[in-house]
Ligand code: NAP
């Protein structure tokens with residue numbers, strides 16, 4: 001699998017998401033097993049957040065990596081309202097406790113809130129010095145937010161919504177990040193669920209490319225994100241069939257013809273758009 005340097009770690013460009021995990025006790029075992037299967041398949045980057053399931057998702061991750069901490073690269077995210085200097089220290093301690101680990105590999109500001117960025121970033125640097133996190137970054141930052149952020153520190157990544165239907169970052173943020181060798185972490189690479197996911201996976205252009213490869217539309221949608229330079233994708237999957245399909249998608253080679261067909265079905269942006277968010 002392709003790898004990318006993020007902060008101190010070299011990570012495969014296909015990871016695992018955890019949004020909607022940790023919300024229901026009767027689903028917990030399946031979620032733990034799914035993350036463990038993902039690790040077995042080499043999807044070592046696990047993305048979570050204090051927000052997901054009110055900490056429940058971090059507990060699921062903690063259970064999944066309990067006997068194999070060294071197999072995983074853990075990303076968690078702090079709520080903006082907790083991102084004062086002291087709030088950062090306290091939130092990180094709570095996350096570490098739920099994850100049952102000593103160090104978070106990458107700690108992100110979930111989105112920009114009312115606390116000044118220099119204060120939040122100072123908090124992150126203090127955590128780094130104390131060995132509580134290895135690197136820090138941001139999420140849901142548009143180009144202006146990123147330029148402002150770079151004035152105060154050096155985020156290791158920006159995690160943003162990116163998939164075939166939400167290509168806005170290709171106009172400005174993605175080329176800007178590539179120029180600076182700043183990895184982008186693509187969330188919701190399969191459009192999450194519901195009507196939006198149905199519109200993506202039901203697209204006839206996508207289905208034609210999938211048919212030609214003998215794979216599913218979801219696999220092509222994921223292979224397309226993974227094809228992009230400097231991008232990590234973090235699909236969430238609990239169904240083991242989905243996990244294996246996603247791992248296999250990392251091996252799909254898209255031809256110039258496939259890429260052109262996908263551009264026709266999902267045209268790239270021709271002008272600046274507001275950052276898509278979920
Ligand atoms: P997603 O990964 O685009 O889609 C997840 C959905 O797709 C689940 O219902 C999953 O089903 C299904 N799925 C997975 N693999 C599939 C496959 N091969 N074929 C068909 N269906 C498949 O959505 P997401 O959860 O919104 O995004 C991924 C992760 O990004 C999140 O979990 C979270 O960690 C992160 N995220 C971050 C932000 C942010 O603000 N920073 C926002 C949203 C998400 P099963 O679970 O049943 O397998």
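Cβ coordinates are placed from backbone N, Cα and C, and glycine is handled just like the others.
Sequence annotations record features per position, and here TrEMBL assigns domain 'NADP-dependent oxidoreductase' to 14-265. Residues or ranges marked as active site, proton donor by TrEMBL: 52. Positions annotated as site 'Lowers pKa of active site Tyr' by TrEMBL: 77. TrEMBL lists 110 with the feature substrate binding site.
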### Message
Counting across all protein chains present, how many other Cβ atoms fall within 10 Å of the Cβ of the residue listed as 'substrate binding site'?
### Response
20
### Query
Taking DSSP three-state, what's the residue listed as 'substrate binding site' in: helix, strand or coil?
coil
